[in-house]
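Record features (TrEMBL):
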- 50-138: domain 'Ig-like' (DOMAIN)
- 149-239: domain 'Ig-like' (DOMAIN)
- 272-360: domain 'Ig-like' (DOMAIN)
- 365-452: domain 'Ig-like' (DOMAIN)
- 458-545: domain 'Ig-like' (DOMAIN)
- 549-636: domain 'Ig-like' (DOMAIN)
- 651-746: domain 'Fibronectin type-III' (DOMAIN)
- 735-758: region 'Disordered' (REGION)
- 748-845: domain 'Fibronectin type-III' (DOMAIN)
- 903-1001: domain 'Fibronectin type-III' (DOMAIN)
- 1026-1047: transmembrane segment (TRANSMEM)
- 1056-1157: region 'Disordered' (REGION)
- 1056-1076: compositional bias 'Basic and acidic residues' (COMPBIAS)
- 1107-1123: compositional bias 'Acidic residues' (COMPBIAS)
- 1134-1144: compositional bias 'Basic and acidic residues' (COMPBIAS)
Amino acid sequence: LQRVIVPKHSNQIRLSACAAVDCCAVLSCFACRWILCVCVCVSLIVPQPPTITHQSPKDYIVDPRENIVIHCEAKGKPHPSFSWTRNGMHLDIDKDPKVLMKPHSGTLVMDIGGGERAEAYEGVYQCSAHNELGTAVSNSIIIRQSRSPLWSKERISPIIAQKGQSLILHCRPPAGLPPPIIFWMDNNFQRLPQSRRVSQALNGDLYFSNVQPEDSRSDYICYARFPHTQTIQQKQPISVRVLDMDSLNDTLADYFNDTDLFSDKPTEERAPVFMVPSESVSSKMVLRGEVLEMECVADGLPTPAVSWVKHNGEIPSGRASFLNFNKTLRITDVSEVDAGEYRCIAKNRHGSAQHTIRVTVNAAPYWISAPRNLVLAPKEMGIITCRAAGHPKPSIRWLVNGLPIEDAPEDPSRSVEGDTLIFSEVQTGSSAVYQCNASNQYGYLLSNAFVNVLAEPPRVLTLPNIVYQVIMNKPALLECVTFGSPVPTITWFKDSRSSMLEGNAYVFHENGTLEIHMSHPSNSGKYTCVARNSLGLSENHVYLEVKEPTRILRPPEYRVVQRNRDVVFECKAKHDPSLVPTMTWLKDDRELPDDERFRVDSDSLTITDVTESDAGRYTCIMNTTLDQDSASAQLTVVGECLCATPSQPGVPTDLELTDQEARSIQLTWIPGDEHNSPIKKFLIQYEDALHQSGVWHNLTEVPGTKTTAHLKLSPYVHYSFRVLALNEVGFSRPSMPSRQYRTSPAAPDENPTEVKGHGTEHNNLVITWKPLTPLQANGPGLQYKVMWRQQDMEKDWTSVSVANVSKFVVSGTPTFVPYEVSVQAVNDYGPGPKPSAVIGYSGEDFPSAAPGDVRVLVLNSTLAEVRWSPVSPESVRGRLQGYKVQISSRHFSLPGSGYIPSAPSFFKVSTFDLDSLMLEWGPPYERNGRLTGYTFKYQTGEETCPFTLGTLTALPANKRDSSFTLHNLPHSTRYKFYISARTQRGAGPTLTEEAVTVLDRGTKILIQDVGLSMVSPQVDIATQGWFIGLMSAIALLILILLIICFIKRNKGGKYPVKEKEDAHGDPEIQPMKEDDITFGEYSDEDHKPLKGSRTPSSGTVKRDGSDDSLVDYGDSGDTEFNEDGSFIGQYSGRSDRDARHDSSKPLSPVNAMNSFV
């Protein structure tokens, strides 16, 4: 047996998992409730290529006083052998007796204790571990000896400085490997005091912004400590003397009776000037992940104060620190966002100076996806990816068994595509170790990944016949750890192998574990896991027992007892009969006192001769091997008299705040009188004077035995606290508020909840969320960063920041596509935690297709079955909620049974072109039967005075059509169209529309015997002289006729057309026979004459001076359509008068429709 830690839901155990212990494989845990498991190992000998498990760092600086040890450890089956190269050449270890390799290891030990110098072993070393399946290689390890050179001899002259001047004491330590650590001390090895005026720079020099008389001393000593050799060296002491010219002049002037013996004037106060850096702009390059240090040291009197800002950005608060009295800005774990311009500003009362540091962040290669080992079965395929990033972008180079892949033996199953190795149809014997090298000018990465081609039948490694016990309504995990190549598939069976487990009650994890969400007694039984691959199968049996939970049925009750009396606490519990219970009692969460007065029975606790020290909270805990339950009660010990009436407790007093921190504080108080009833608990409330002044909120509760509470606080709140006590009678009055404690603002700790995405239109996405409360905002300037991207389509997020709202509408989205949506809280102090994304869908649209292949099967006189082909998911354009089945019945027993349809849902006539009209309509909302087609009628009217209408003429239309276009129509002609839907019962209500053509295209319409028209191009006569003269005469004649017409109209006279109208009724308002399926009923509004026109008295109207009549081109009778929408009457006979019409007449919509392409 061996104790190992096994991930509860680890991936399929392969060879890599076997390295967790010294034995060959890991089996299932006995108690899967715990992560720490007791596991059993069985023999599982499987060939494995080498894997490097431990190696020395790439840059290895050694101590010349100790032996050099270069580590190289590897594993594999069979165990690998090791070899080394130095500076690219094979290292023959046997030739140097000072160099040894540890047994069963590749670690080198170089003995330099016998006078050998470490410099002789400097170089670049690389280890190789190889067995029959491949070769793994280590990083290139650079061995260098640490160095601590002596300080060069120099004579340092004393330094004399005038008070107020700036001063630099140079250290200039010797260059060591690694560089030494610098510090300044005096002769007594005491560090020299530093301040905003005097400080040590990054290069070790000591800077004085201005010297003062107290700086005079003769023992300024710079020390250099070399960490590897643990040696300290010192520079010669530097003597500094500061002269105060003012006091010197005064002393000598008194002695010699002179005003000023020295011509030098005292140093005047001055504005800051930078000593380091000296120029106005500097630059600095730092690598990603390293530490960035920038410094600014200023000269000035009085001493300047230094501050830092970042141009167009913020200095990262979590990674940045200001050192050396704010003169040094240090940023750890540098990333690309830290690049930019930083500005240090030095100020005193005489002015300011600033310096700009331009920071560039480059990056040595770092892994995005390191290559991973691959185990394949013969004929399988797989890939190894090697993705690295850096700046500049690193180049990827592949090696196999330590050799460049282009120099390795050809393998037809292997191909290289940039950063990916692709294996297909692998064969036994193709195992190898591949190395990926990603490098740029700042460094390299090297990683080994093997391809192991194995053919192994499945093996179940979980111990057989394990019994799992679980409490009812708790989850159960049954393990089935397997090994095999190809990877086995796992199936589970219960009690017998007749039916495989499936359904929502079970979760099948990738590692083979079976999870049951909620265990019930019916889940108890025998479970079998079966592992299969192409080479065979293996199975294992485990058992599950579901136990009843432990419950305390009668908990202990609150007791008030007189001193020296006995008290009994009862605690009766129920548990599963197959489990062994254990009853435990605690006093104030600790073990019971070791006192014979406390007697514990199976279901009670008895305390005899109670004293005041016995008062407290008693807890009984019923334990089994699987679960537990507990309950508590308070014991109050009183004196001899119990006659006083209890009342509410007294007010707590003396509230005090201590241990103040950014997010917590300690509150203590003195409880009031219990008033003959023990205090059960204290309720702590707070008031936020910043956001909700005067409103008190419950914060927490503590037991009545405590008078201290550690309170967790939120940022950006002005807290005041008060305490209330509770006993059996009720709450006390609130205490006086504590003093106010204000927490500092901070970035939000949480993001909005209830984030959802849905569409309200077919082309939008509405993102909603539950906004944060002022307490959750943590600071001013609360905003919400709304982010979205189309799932599996877009890599980058689109974001927008909004404030004071709880929704955002994204427009222009595709119809009903999934989006990843997240909302992040941001305030003036930074963003909240990275939000998790939810999936929402953009708006839905009407389905673009109807179900097809509709079939009806009549089962009996009252039952029919309707079948159809479902629509494609793409045409649904939303969530498919179901299909609406509309049924219309036909009755053949009675003539006149059935119903007519409603009017078309819409009818629209629009100008498609200057001489074309487009007719569009929609099917009726209520079909009331099978729709057999549409009946179209039209009338034409000419733009003459007065306006006239022709007879009704039919147009053909198929029941499947929803529009058609009329081409090559004559100019200046008004049309009035009528449409109705038709079933076998008849035509429904009518819709009407009007339209006018405005341009003559110069074409003639040729009318054929069958009513079809063709367009024949004519010679353009508009340029002929005789035509122009004729048109001028006609225009003049029309003008005269219009004037005469206008005069007669104003005089109220009649004209022939009016007389005909009076003599004959308007044919439009005559009812039409139902058998003719014509427009017998329609509203007055729909059948008013065209605006400005009069109704003709006969069925035809001819233009003055012309035989052209548009209505003559159509059949003046009713028009019928077949059930498939074909035109029945298009070949019907025509009158002699119709046949005499020539092509010079106006084009009718019937013929125009037949003529369009």
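Quick reminder: no glycine exception, Cβ is built from N, Cα and C everywhere.
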Spatial neighbours of the region 'Disordered' (735-758) far in sequence, C-beta under 8 Å, 6+ residues away: 651-653, 655-657, 660, 662-663, 665, 667, 669, 687, 689-690, 713-724, 765-772, 776-780, 782, 784, 788, 806, 819, 821-833, 835, 838-843
Residue distribution over DSSP helix, strand and coil in the domain 'Fibronectin type-III' (903-1001): 0 helix, 55 strand, 44 coil
Secondary structure composition of the domain 'Fibronectin type-III' (651-746) [DSSP: H/G/I, E/B, coil]: 0 helix, 50 strand, 46 coil
Contact between the domain 'Ig-like' (365-452) and the domain 'Ig-like' (149-239) (at least 3 Cβ pairs under 8 Å, separation 6+): no
Model confidence over the domain 'Ig-like' (458-545) (mean pLDDT, whole number): 91
